[in-house]
Amino acid sequence: MLSTSRSRFIRNTNESGEEVTTFFDYDYGAPCHKFDVKQIGAQLLPPLYSLVFIFGFVGNMLVVLILINCKKLKCLTDIYLLNLAISDLLFLITLPLWAHSAANEWVFGNAMCKLFTGLYHIGYFGGIFFIILLTIDRYLAIVHAVFALKARTVTFGVVTSVITWLVAVFASVPGIIFTKCQKEDSVYVCGPYFPRGWNNFHTIMRNILGLVLPLLIMVICYSGILKTLLRCRNEKKRHRAVRVIFTIMIVYFLFWTPYNIVILLNTFQEFFGLSNCESTSQLDQATQVTETLGMTHCCINPIIYAFVGEKFRSLFHIALGCRIAPLQKPVCGGPGVRPGKNVKVTTQGLLDGRGKGKSIGRAPEASLQDKEGA
């Protein structure tokens, strides 16, 4: 798992539940007694991981089914949403094994250790990359609406998705190679065992891809989006769009930034002056808490990117076989859209709030008002 970084201490657990290491805190001239984080994790993590798995699996499978059965993947946005849901599912299917391992020990062997660690990393990086693509897609649809009609094609979505998966796999390779099943303190543990140089490289890479890069892209894109929306005249729709955009941006960093900061501090303990007994013990606890928080983000994605839209709720009822009123507007050039007519064609997919799209032939500023329901 991402947080199970190999400790540089030789650990022995005594009967009192404290972790005694050969590390000496020279400020006090005594061995470092660390509270056993694993003991707490064995009680709390299995039920937490189980809840995350259940809600996340149901939510993301629902998104996948609706996108495939109802939407038919006719929008670039829907293609990215599908891949984001798949990323979360890859991430989620590893949780039952981590839950079992936290309660007992790793009993699935070295091959399964590498396989599920690979799925975990690929789902993690894939989720980040598709959030970035959704951000860029939203930027093009709102700020460069006319250009977006030509550039945001299904073919472009498929090609960029394939490239994104390849990059996610490549970013996951170090974690897969250096992860193995090994016996520690009489129990088998599945975790990464990086050489010193590789551990530093992997932590820096993870922070660049998981924190710095998405932060930079989101600030640039959403700054342009906000400037464009603030020039529009429809105040109610404008405020709704701004709220959704800020939710997308803030929630991701709210769930994953603490974890990225903690693993950076944990890897470079000596540089930050955190190599004393008390600090390392607090970092161990913070690592476990922040990773669990980050894992729950895969449950939030279906809510942020899908359930906030009225169109999605309509499609949800259709998927369940309910009889409801027809949608107000055709979706992505679907049924009801006739070539050569000045009709409305949505460019936002399931992210639409009220499903209003761009009218072909309109001036860019006029069309932007239709997109504010995102």
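Note: Cβ is positioned from N, Cα and C throughout, glycine not excepted.
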Checklist line | Swiss-Prot annotation: L76 and E270 on one membrane face | finding: no
Next item on the list: With reference to Swiss-Prot, specify which of the listed residues C113, C232, C277 is paired with C190 by a disulfide.
Entry: C113
Next item on the list: Scan Y28, Y120, Y139 for the residue that Swiss-Prot records as phosphotyrosine.
Entry: Y139
Check: To which residue among Y26, Y193 does Swiss-Prot attach the annotation sulfotyrosine?
Finding: Y26
Notebook entry, point to check: DSSP says what for the topological domain 'Cytoplasmic' (137-153): how many helix, strand, coil residues?
Noted result: 14 helix, 0 strand, 3 coil
Checklist line | Integer average pLDDT (0 to 100) for the topological domain 'Cytoplasmic' (310-374) | finding: 46
Check: Can you name the residues of this chain that are 6 or more positions from C113 (disulfide bond) yet have a C-beta less than 8 Å from its C-beta?
Finding: W106, T179, K180, C181, C190
Item checked: Number of helical, extended and coil residues in the topological domain 'Cytoplasmic' (71-80), per DSSP -> 6 helix, 0 strand, 4 coil
Item checked: Three-state composition of the topological domain 'Extracellular' (269-285), taking helix and strand from DSSP -> 9 helix, 0 strand, 8 coil
